[in-house]
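Quick look at what Swiss-Prot lists:
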DISULFID  CYS4-CYS18  disulfide bond
DISULFID  CYS11-CYS23  disulfide bond
DISULFID  CYS14-CYS15  disulfide bond
DISULFID  CYS17-CYS34  disulfide bond
SITE      ARG9  site 'Critical for the neurotoxic activity'
SITE      PRO10  site 'Critical for the neurotoxic activity'
SITE      CYS14  site 'Critical for the neurotoxic activity'
SITE      CYS15  site 'Critical for the neurotoxic activity'
SITE      VAL31  site 'Important for the neurotoxic activity'
SITE      TYR33  site 'Critical for the neurotoxic activity'
Amino acid sequence: SPTCTGADRPCAACCPCCPGTSCKGPEPNGVSYCRND
């Protein structure tokens, strides 16, 4: 089954950010990342 995306990893459609993190971005490189809340 899909797993959650950990902090400081790119947000992925398959795998929501893990509890305590949320998708932030996009950053200067154009990628959004899961970051600690």
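These residue numbers are counts, starting from 1, taken along the chain as shown.
Positions of Cβ are set from backbone N, Cα and C atoms, glycine also.
Note that the structure is predicted; figures quoted are calculated from it, not measured.
Counting other Cβ atoms within 10 Å of each Cβ, the recorded positions CYS4, VAL31 show the lowest value at VAL31. The Cβ of CYS23 (disulfide bond) has 15 other Cβ atoms within 10 Å, all protein chains considered. In this structure the C-alpha atoms belonging to PRO10 (site 'Critical for the neurotoxic activity') and TYR33 (site 'Critical for the neurotoxic activity') are separated by 4 Å. Counting other CB atoms no more than 10 Å from each candidate's CB, the disulfide-bonded residues CYS18, CYS34 peak at CYS34. Between the alpha carbons (Cα) of CYS4 (disulfide bond) and CYS14 (disulfide bond) lies a span of roughly 8 Å. Rounded to a whole value, the Cα-Cα separation of CYS11 (disulfide bond) and CYS34 (disulfide bond) is 6 Å. When the disulfide-bonded residues CYS11, CYS14, CYS15, CYS17 are compared by the number of other C-beta atoms lying within 10 angstroms of their own C-beta, CYS14 comes out lowest.
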